[in-house]
Structure formats: structure tokens, C-alpha cells
Amino acid sequence: MGEMEQLRQEAEQLKKQIADARKACADITLAELVSGLEVVGRVQMRTRRTLRGHLAKIYAMHWATDSKLLVSASQDGKLIVWDTYTTNKVHAIPLRSSWVMTCAYAPSGNFVACGGLDNMCSIYNLKSREGNVKVSRELSAHTGYLSCCRFLDDNNIVTSSGDTTCALWDIETGQQKTVFVGHTGDCMSLAVSPDYKLFISGACDASAKLWDVREGTCRQTFTGHESDINAICFFPNGEAICTGSDDASCRLFDLRADQELTAYSQESIICGITSVAFSLSGRLLFAGYDDFNCNVWDSLKCERVGILSGHDNRVSCLGVTADGMAVATGSWDSFLKIWN
């Protein structure tokens, strides 16, 4: 047996010891805890709005904090800001690169950002004096594609990249303040905690990591998926996270218990997950799939309680409004749908 093999076995044994130690700390399972709870009734949601205007696949969307406006990014090379009440386009921003993979709305509503295969994060000012939307910053230092970006405020944004790193940027100077290193595969997704002090990332190494924005350190690593993690989100209270993977499952991890609580999957679901988001209470989990559907899960009972079907192609992105009143899905069929 080679030295490499010996070390590999040793590492596996240590991993098992850690898993056993974590299990020993758990005083109760989620299933036991909610055994007396009724399952949420059938969740039937209707399409209230269809946003038409993109001419190609939609890759990303993000709600503004006002729960009215949203930004979407498409392969047609446009970033569109929509008024979801009227379905009007507030801004249609032509991009320098049409290979866009992510977009984000600043909490203030003043800026939007996007990026993709150009390896850059472009910041657009929606409130410029001239009234026209133009690039205010291009943040370039990543050596791989930009997979996700999220604002902390008007001067700070966090990005994840195919170069396996995440980064915190000072938008004013255009410089990286902190680089978050630790993943061993392409970083696919990130989400910021409700208090903006932490963020989580999911990667192609099948792990999720919790990072401290100020300290620049990795606090926790969560494993369990058998394939790439494509999507990640915080539970509304910030004390748990959910991941969506190509292994056809979503998983719920508790930050305080430092371990997986449950998985959301069914034998009939064999395709990957592209996007995840919780309802305002956290009781419902919305997950977008490659099979054109969005499944609604009871997050506590781990049962599927609804399906949002209305797209003719992969559901690539979704999001729940800050006020919890609506969920938006975006698809490769070039449409966005607003449900409630």
C-alpha cells in the first residue's frame, strides 16, 4: 500500500471520527423534533405576472429590498430592471459581455451589478445625475468566471468565482480588500447573512463554507453532497443554511449544531438543483430544477408540498421578496414569472 493510500485512509478515519463526535452532540433529530407537527397543506401558487422582454436564456435574477423591483440578466446581453407591479421595464442596460452568469441589486436600490465569463464584476449606477445608467466600476482580479455577486452596501460587494476563491471588494477604489481561499473546486454560489457580517459559499468540491466578512476567515465547512453545489441560501433567522446540488438533493445545515439536519429529495427527482430560497417564515423551501419545475418543500417535515410549473425550459434562478409576498422564477425559456 502506497504512502498516499495510507494517508487517504487516515484522513477518511479522521473524517468519520469528526462525524461521530458531531452526532454524539446532537440531542435530537429534526424528524423527532417535528413528529407532532402537521405537514403544511398543499401549496398552490398561481402565476400573477409574466415578465417578457428578454430574447434569450435568463441566467440570474435578484429582488430589490423594496419587494417591487427586480433585476435580471440574460444571454441576450441585457440587464433589465423590472417593475413587477406593472411588468414595465424601468431600465434595460446593454452589457459589454453577453456571457453573464449573475446579477445583484444593492440594498439601497442605487446600484446593480453583474458578471460572468468576462471574469469581471461590473457595477452600474441607477441614480446617476445624467439619468442614464452607466458602468461606474469594473472589478477585475478574478482569474476565473464570476459565478455570483452580492452587495453588502453601496461600497462593498462580495463575489464568487470559478478560480475557487471569493472576494470582498471596495467599489470606490476597485480593489479587493479580502480574498477568501479554501474551496478546491469552482465556487458557484454565495449568500450574505441577514446581518451582513457573514456569507456562505457553495462550490464544485461539494462543500459549503461559512466565512467571516471582517476577519476574512472560514468559520465552518459543511460536507455531505455527492456533487457540485450550485445554489445556497440562509435560513431567514441566519442560523441555518440550505444548499442545492447536482446530486438532485437540497440539504439543510445548522450553524450552531455544526452539522446536516436533513436532506430534501425524492427518488422521482433525478435532475440537479439550480437555485434555492426560503419563504419569509422559513417553513417553505423553494428549489428550482433542471426539469423546468420549481418544487416547494416543507422545510421541517421534508415533504414536497407543491410544484410551480409554468416554464418551458430549465428554471435557472429564483428569489423570494423581502416582504415574503411573492416568489419570482427565471428560466432558460427567456421569461420571468411572479407567483403567490
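Even glycines carry a Cβ here, placed using N, Cα and C.
Source: prediction; values computed, not measured.
Summarising the annotation, Swiss-Prot assigns repeat 'WD 1' to 53-83. Helix, strand and coil counts under DSSP for the repeat 'WD 1' (53-83) come to 0 helix, 18 strand, 13 coil.
The annotation repeat 'WD 2' is assigned in Swiss-Prot to 95-125. Beyond its flanks by at least six residues, the repeat 'WD 2' (95-125) meets 59-66, 69-79, 81, 133-140, 142-151, 153-154, 157, 159, 161, 169, 171 of its own chain at Cβ-Cβ distances under 8 Å.
Taken from Swiss-Prot, the feature repeat 'WD 3' covers 141-170. Long-range contacts of the repeat 'WD 3' (141-170) within its own chain (CB-CB distance under 8 A, at least 6 residues past either end) are made by residues 101-108, 110-111, 113-121, 123, 176-181, 183-192, 196, 199, 201, 203, 211, 213, 216.
The annotation repeat 'WD 4' is assigned in Swiss-Prot to 182-212. Below 8 angstroms of C-beta separation, residues 144, 147-150, 152-153, 158-166, 218-223, 225-234, 236-238, 241, 243-245, 247, 253, 255 of the same chain, each at least six residues beyond the ends of the repeat 'WD 4' (182-212), sit close to that stretch.
For the repeat 'WD 5' (224-254), residue counts in helix, strand and coil come to 0 helix, 17 strand, 14 coil, using DSSP. Swiss-Prot lists 224-254 with the feature repeat 'WD 5'.
Sequence-distant contacts of the repeat 'WD 6' (268-298), counting only residues of its own chain at least 6 positions beyond either end whose CB sits under 8 Å from a CB of the stretch, comprise 39-40, 43, 45, 227-228, 230-237, 242-250, 304-309, 311-320, 323-324, 327, 329, 331, 333. Marked as repeat 'WD 6' by Swiss-Prot: 268-298.
Summarising model confidence by region, the repeat 'WD 7' (310-340) averages a pLDDT of 97. Summarising the annotation, Swiss-Prot assigns repeat 'WD 7' to 310-340.
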Who are the chain neighbours of the repeat 'WD 7' (310-340) in space, where the CB to CB distance is under 8 Å and they lie at least 6 residues beyond its ends? 45-52, 54-63, 65-67, 70, 72, 74, 76, 82, 84, 274-281, 286, 288-294
Summarise the repeat 'WD 6' (268-298) by DSSP state, stating how many residues are helix, strand and coil. 0 helix, 18 strand, 13 coil
Structural state census, the repeat 'WD 3' (141-170) (DSSP three-state): 0 helix, 19 strand, 11 coil
